[in-house]
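Colleague: Structure provided below as structure tokens; questions to follow.
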């Protein structure tokens, strides 16, 4: 079956599918898969089969075709096809509640170098990752992923994606609400504070700042009462983002300054990274170059202090989908860099590096 005939058969299957003749559409697409030698056509028909089985609830079949699509994308050696196929693999695992695998495949999608499809599919990748984190009850990371998906939806005027994200946020809210009931029943103040923080972040992500501020205040009261300084940092970060949304940049900077003091007291570098990043954006919008440069410098210093880079090649860890190796001394490097280094001791501390672990 040639390229033109493959296109015609794919289109015929789509027309049947849209007219609710699902089984006939599947038969047409399966024939294309059996007879076509056109790799691009095979990739497209596999995408149709993945989508159809997803909508029918046949998730094991969905996964089977997603795996075949990955192999086809690799044959094509095209980053856009790889991105689409890894996303389908992530979605398949999400439907099967294999949430750790979903997150892993989503990270692979995000690690692929500049693809044309990235702008269209990036939001869907973030949505799948958010759903997986929600399935694992990792609320903060789930919300961060949903917020990123919403930004994609707004930037690309994608109403369907926005609708799907809002549905996921509804599920998120329901789970946090249930956790809040449990916290109140057992008098668990730390859990109450966490739930209030999640409620506030949800309202902020929806643009409901009038509701978000009181929730942040309640969360801050409990965090202060129980002495959770890191929790106070997270609350102040959310408050600062609210003020940024309201264009009240000076108030945002006040909240960031208080959060920075607390983050430095507890030595939490990740929080400092987030705060410097937010400050950088504020000073850029205000046109204050000296302050902007200071926060850019501090951001990179925090990256170095947290050792989020390979000690051999100097590249940031996590920007690409690379295999890492953790040595017994806890220093982490790219596996390829250690293999090329030719030494049995850690390049950083020179300790013996027998029995390394893989990350």
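Even glycines carry a Cβ here, placed using N, Cα and C.
Keep in mind that this is a model prediction, so the values were computed, not measured.
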Colleague: Which of these ranges is annotated coiled coil in TrEMBL: 181-212, 213-244, 245-276?
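Modeller: Going through 181-212, 213-244, 245-276 one by one, TrEMBL gives coiled coil for 245-276.
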Colleague: Six or more residues beyond either end and a Cβ under 8 Å away: which residues meet both conditions relative to the repeat 'TPR' (123-156)?
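Modeller: The answer is 87, 90-91, 94, 97, 99-100, 102-103, 106-107, 109-110, 162, 164-165, 168-169, 171-172, 175-176, 194, 198, 201-202, 205, 234.
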Colleague: Taking all residues of the repeat 'TPR' (123-156) together, what is their mean pLDDT?
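Modeller: Averaged over the repeat 'TPR' (123-156), the predicted model reaches a pLDDT of 88.
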